Amino acid sequence: MQFIDQAIIDVKAGSGGDGISAFRREKYVPAGGPAGGDGGQGGNVVLEADDNLQTLLDFKFQKLISAENGQRGGPNKCTGASGKDTVLKVPCGTEVRHLSTNIILGDLTNKGQQLIVAFGGKGGFGNARYLSNSNRAPEKFTEGKVGEEWSLQLELKLLAEVGIIGLPNAGKSTLISVLSSARPKIADYPFTTLIPNLGVVRRPSGDGTVFADIPGLISGASKGIGLGHDFLRHIERTKVLLHLIDSASTDPINDFKTINEELTSYGHGLISRPRIFVLNKKELLNEHEIKKLLNKIEKLTMKKVHIISAVTKFGLDDLLSSIWYELGY
């Protein structure tokens, strides 16, 4: 499935129906009064969060979304039918902005949550509305109001409590695959993961916690280099970051510093987000090398650093215990 996490759409609410000018015409009522009905309300355009959707792909080619117009009024003071609302399903985690002003209209995070993004126009008045003591036979009526029309930007930010970050080939996809039932593409070269992978990891209580493997973080990612700028937004909602370091890389210390710099540059409070530091690929180093590297990383972080092997599953139970503790479970 192609992963689309941004889309621009045009929405147009329905216009209100026109009121009409009509008079009561009955056999024994020679001076029937005004009886023109009001127009119906235009339909709204509504977005609704749906947890069965994972991408904004449906909006890639669906550019204009409109709602029904209200119907014109009828005789005998009959109000025209209101236009039907158009309800669009979007993934949970979709943020909606006005394209021209960048103002956030809403953030659809919960299943079934709705947001009206374009209001339908009000129906016009029929001439029955203008009856007065001074005018017993008004002919005046009004047209319906035009429905709202906007260009919107939809931006999907994944709803995961734990975000797994690190340079390409640090072992993020392998880790999420052994902790959960997720089956991401895994290979021994950088940029295997081109879309965020989600996996549900079971807590001791049996409840699930969503983990996200965030791809594409390289030096300059926060400035749009590589894939990182597109995916950094997906860790904005996370509660805990799992910072994975490839202990067998050419320069693990520099790798650690690179990710730190990108989190700082991107902003949005990511650098101050609770973080658990993890040295992965223990199986590729001897005990002396691991201990030496561990000491260096702990001096930089001033925190405990976990040593794991996602391949052999060494240290995963201890790592999970730390994650549950940080999340308050």
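Glycine too: its Cβ is placed from the backbone N, Cα and C atoms.
Per Swiss-Prot, the feature domain 'Obg' maps to 1-159.
Sequence annotations record features per position, and here Swiss-Prot assigns domain 'OBG-type G' to 160-328.
Around Lys281 (ATP binding site), a 10 Å sphere centred on its CB holds 24 further CB atoms from the protein chains shown. Reduced to three states, the DSSP call for Lys281 (ATP binding site) is coil. The ATP binding site annotation in Swiss-Prot covers 166-173, 191-195, 213-216, 280-283, 309-311.
The annotation Mg(2+) binding site is assigned in Swiss-Prot to Ser173, Thr193 on the grounds of sequence analysis. The Cβ of Ser173 (Mg(2+) binding site) has 23 neighbouring Cβ atoms from other residues within 10 Å, across all protein chains displayed.
If you measure from the Cα atom of Lys281 (ATP binding site) to that of Ser173 (Mg(2+) binding site), you get 13 Å. All protein chains considered, the CB of Asn169 (ATP binding site) has 19 other CB atoms within 10 Å. Between Ser309 (ATP binding site) and Ser173 (Mg(2+) binding site), the C-alpha separation comes to 13 Å.
If you draw a 10 Å sphere around the CB of Gly166 (ATP binding site), it holds 26 other CB atoms from the protein chains shown. As a whole-number mean, the pLDDT of the domain 'OBG-type G' (160-328) in this prediction is 83.
Around Ser309 (ATP binding site), a 10 Å sphere centred on its CB holds 21 further CB atoms from the protein chains shown.
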